[in-house]
Amino acid sequence: MNMEQEDDQVPAVAAETVPLKRYVTNPGANRDEEVAAAPSSQDTPYFDYAYERSLRHQDAKFLAMNGTQNGRDGLPSKSPRRPSVSASTVRNSDDVNHSKAGPGSGKLLNDTLQSKISSIHMPHVQQGDNAVVSSVGGPETDPGNMETTDPLFSDELAEIYLSIHKCMDMRHKYIRVSLQGELDNPIDDDSWIIYPDCKEGEDDTGLFNFADCKIPGIENEMEYHMDHQGIFQVYENDSAYIAGTPSFHIPTIRDYYIDLEFLLSASSDGPSKSFSFRRLQYLEGRWNMYMLLNEYQELADTKKVPHRDFYNVRKVDTHVHHSALANQKHLLRFIKAKLRKCPNEKVIWRDGKFLTLQEVFDSLKLTSYDLSIDTLDMHAHTDTFHRFDKFNLKYNPIGESRLRTIFLKTDNDINGRYLAELTKEVFTDLRTQKYQMAEYRISIYGRNREEWDKLAAWIIDNELFSPNVRWLIQVPRLYDVYKKSGIVETFEEVVRNVFEPLFEVTKDPRTHPKLHVFLQRVIGFDSVDDESKPERRTFRKFPYPKHWDINLNPPYSYWLYYMYANMTSLNSWRKIRGFNTFVLRPHCGEAGDTDHLASAFLLSHGINHGILLRKVPFLQYLWYLDQIPIAMSPLSNNALFLAYDKNPFLTYFKRGLNVSLSTDDPLQFAFTREPLIEEYAVAAQIYKLSAVDMCELARNSVLQSGFERQLKERWLGVDFQDIDRTNVPIIRLAYRALTLTQEIALVNKHVQPSKHPSNHDLEELIHKYDAMTGTSDPLSASPRTNDATISSRLSLHDGHDHGAFFPGLSVISERRRRKDSMASSSQDLKD
């Protein structure tokens, strides 16, 4: 057995340990002489290896004797210092649930899960003859509890725990201020009215009527103005604006970068990385053990559920771009149909005149017969790997930008009619499938203020409403392109163009009525572009947006902050007015710098891709603890940045991260008319996912999505744990909640007042230990004079059970004795 395995059996002590300054070379000699004789050139805080092993042998005796006294076959039994695992202790873990800010967090272990815990077979803690855990209460009984490590490392562990807790507190601060929490959005209230209200699978044609939409007016005197930092601030009235007192507190960019620097320092700290890596390895190993023991039980549970299987549980495509919503075959069939039915329709202005659709294809020297999948050439093959520039060209049918303008743009000479018709066909497919939902990303570029009104008019006029669909607004990070083209002068103009119309419509929806109605189906913002672009640090201190007038693009962290800050101010105002709020779900961790993940951890509700988390174990562990949503697209990554077999999706899933599957760009990556099912099918074949695994991923996608809470309850059950609706066995949900609860408790326990003995109490225990053994040398003590014997003697002596005696006391006793010896030796030298 190696040292680490032995350490796992020794509970830690929350007490200061003072490193030794001498190296023991002969553990068999008198130790007072050894300390005095040790050469000063070999100063070290550690014992000699053999000597330390002999010290720890005392603890091994304690564990063995404790097991043989009360249990069978040497298995440890319940003791006063190690409370038995029970459901009552599980209920005491509710205080850790506040640490979660992700969707569907709430109470991790409700009554349903607690009642099911006893059926989970996890023989990590042996109990008598059964040798099976009935339930797990907290970190004291968690087999992976780091408290059981050597007391020598308790101080270092405490610092790591505090660092983790501080990072989580920073995230919670930003999420709380921006109203991105689970129940912060008014749409999650039971009184929220969904219009048009139509169940999935029902024909929604003609249900939407813009005249039936209520458009409120101005409600109060609140005003908005952009401050000198580039943030739209909301004021109670003009007097508050003159006084410079905004209604809502927005974290400053200085505070943000200070917090970001701390997070980056913590993530690069060696001990923190090692600790996080070990915890993640433990979580993965625990999952493997769980599956070995419970796989067939899960299968039996799912077979008892009538009507439900993977195909008819709700699943949401949480990351898909609207301009690539249809696969190649669908787009090809649509283009051929238009060329056949309306060839003489004027579609584009070129060379001083309008061209018909037939004239456009004549100029390309193509006929309907010539068109094929290969001719379109929109699928991302091997030539796009690590070539994001080539991938962007795949959005052009036949390599022609004019065809993209005609068929895949909302703002063109035909007002985006072709794209609207294609979108309706996809909506029809979703309605037919009934159990599939999608959240489409649609672009606002920030080039001018009219973009919002044009987009809203396109949605409303074409009646693009579906009970299966919600929208996100993606903002491409293309300031450098706009600057070089002369479209904008400073970065502040981009920020103003993106957010000012939203503040206008929040103040008075009558100024942009169509935009007001459209925003009710918008759930958040996304930040998109090639993350692998180099980010040059041109300033020692970043200027405010009004002073950012160079041709270089701001870094990712800068972009994300100004999207977050303005969205935070907007959300606060919209919630006061009773309007829906937004979340930030950017593309992050697909390529480029891992620092992007730190920015997203602080500011965003969830991310897309996240494959670079595999390189930063500390951040990955934080992602697990806070259950931050990750929408992963292995097929997309396989074509662009990472081979499918190297994708960390399966590892994330095993460890318990909140992951879901999404399609990203069906036009470039999918071959079938059901791209989401295709994504699941490939993952199931490559990773050998079970039906329960896929149903759990589908459930995760619903929880990650921005659909209204009343819809989620209809799809998943009131507490999101109804096996009759999710087809996920309660035993699986109980395992996930149980493991997460213990990990959170492990961190929280070390930032609360310690229940372990103080330094003064520890001194008394050590002196009593020395006195009762009759010698200050643990090696010369009787084999039966161990921690258990000491504890029993003290109980007889003063009538109390001293649960503070623990395996490892001999080591601490030796360290304290040596410290005292060295102190007295130093004093003698001075005298």
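Counting starts with 1 at the first residue shown.
Every residue, even glycine, has its Cβ placed from backbone N, Cα and C.
As recorded in Swiss-Prot, the features of this protein are as follows:
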- H609: active site, proton acceptor (ACT_SITE)
- H319, H321, H587, D664: Zn(2+) binding site (BINDING)
- H321, K390, F391, N392, L393, K394, Y395, E590, D665, P666, L667, Q668: substrate binding site (BINDING)
- S79: phosphoserine (MOD_RES)
- S84: phosphoserine (MOD_RES)
- S758: phosphoserine (MOD_RES)
- S776: phosphoserine (MOD_RES)
- S780: phosphoserine (MOD_RES)
- S782: phosphoserine (MOD_RES)
- 26-45: region 'Disordered' (REGION)
- 66-110: region 'Disordered' (REGION)
- 130-149: region 'Disordered' (REGION)
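On the structure: features taken from Swiss-Prot.
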residue	record	DSSP class
H319	Zn(2+) binding site	strand
H587	Zn(2+) binding site	strand
H609	active site, proton acceptor	strand
D664	Zn(2+) binding site	strand
Recorded positions near D665 (substrate binding site), in sequence order, restricted to H319, H587, H609 and a 10 Å Cα cut-off: H319
Binding-site residues (H587, D664), the one with most neighbouring Cβ atoms at 10 Å: D664
For H319 (Zn(2+) binding site): intrachain residues, at least 6 apart, with Cβ closer than 8 Å: E439, R441, N608, A631, S633, S662, T663, D664
Fewest other Cβ within 10 angstroms of its own Cβ, chosen from the recorded positions H321, H609: H321
Other residues, Cβ within 8 Å of H319, H321, H587, D664 Cβ centroid (Zn(2+) site): V320, R441, D526, V528, N608, H609, A631, S633, S636, S662, D665
Alpha-carbon spacing, the residue listed as 'active site, proton acceptor' to H321 (Zn(2+) binding site), which is rounded to whole Å: 14
Inter-residue Cα distance where the pair is L667 (substrate binding site) and H587 (Zn(2+) binding site), in Å: 18
Rounded Cα separation (Å) that holds between L667 (substrate binding site) and H321 (Zn(2+) binding site): 9
